[in-house]
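Here's the structure, in structure tokens; my notes come after.
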Amino acid sequence: LQSAGSRGEQARQLLIDLETRGSRAFPVFLSILRDTGQGDLADMLMEECGRPPAPPQLVDLRPVELSFRGEKHGKKMKKLCHELLQGHPFLVGVRSCWIGLRGRLIAMCARQVYELKADPCGHCLILNNVNFSQDSALSTRDGSDVDCEKLEKRFRALCFNVLTRRDLKAQEMVAELQKLARRDHGALDCCVVVVLSHGCQTSHIQFPGSIYGTDGKPIPIEKIVNYFNGSNCPSLRGKPKLFFIQACGGEQRDRGFVVDCDSPGDEAPGGSLESDATPFQTLSGNVDEPDAVASLPTPSDILVSYSTFPGFVSWRERSSGSWYVETLDSVLEQYAHSEDLPSMLLRVANAVSAKGRYKQMPGCFNFLRKKFFFMCK
């Protein structure tokens, strides 16, 4: 099925395969759907089909010896079997049901999954801030280049055109983001933005947190996301826009809590564990009340993945990079060919939450309307 092409084509091939697997294929398929938590889909299929009549109880069945030999007789045998199968009332009912359902099921699958057909499927912008000005009082982010190299390779393998920018001031970061948002994405199917930097907790309305430029000036994450919304980037309307944020959401350090079961305790090498935290800052000036921005566009087709829970630090090691990016890269390598993005992010959250003496809990704001599967080479 993987070689069939898009998700819609894979669904079409699945139905074709089922039709050739005999009379038990359909019931077995329904059983598998229920066993894997897809009971609603199984019920829908049964509803559309109705309940096919059970095969009649034939008591006078005897084996028949057929002595067809050679190519000519083989063709006769094949034709005879075909006519018998076509004439069986139960099989005819199942077959007609499948023919009627095939188009509906394929259309339904297409509606529920973002289709990535373009190659490359979209742009991936990586903003990697490592060195900060002395005035900013922010430390060098050793290990961030390791993160950057991993994600460059990973997103290229996922059919993205990767653009990397290193050590940018806040206004330079804004300029790169706006430049990407103004590009024509009409022939593309997706867009990805990755930010590797120091971060902080900040007042927000939509998406929490801010990211620092190398000059120590913060950029609200909700501002970054909104550059790509339907109003500011028309060519990405209805297309998935994915944001991956490796930065602290605050300065709190989570020591976790005791659980009954044993969990992995990956201790970081002594002295190499660092955070991307800076203190909480309140936005200056008068902050709009929520009803003052009620007319902002709805953030549809957007997913923002955070390396840590708002208000808490995000850990990074000098030699292997951040916990979040290391785990994200590993999960994408293993599961991108078979799982949708939110399912993979659950794997990332579970793995990262089990690490270290201090704890870290990744999460995401998911406003996607469909399932998202990466395109794998």
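Cβ atoms are placed via backbone N, Cα and C, with glycine included.
Curation does not apply to TrEMBL; its annotations are automatic.
Copied over from TrEMBL:
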type	residues	note
DOMAIN	1-48	domain 'CARD'
DOMAIN	120-252	domain 'Caspase family p20'
ACT_SITE	HIS198	active site
ACT_SITE	CYS248	active site
DOMAIN	292-376	domain 'Caspase family p10'
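Per-class residue totals from DSSP over the domain 'Caspase family p10' (292-376), listed helix then strand then coil: 28 helix, 19 strand, 38 coil. Taken residue by residue, the domain 'Caspase family p20' (120-252) breaks down under DSSP into 39 helix, 38 strand, 56 coil. Mean per-residue pLDDT, taken over the domain 'Caspase family p20' (120-252), amounts to 92.
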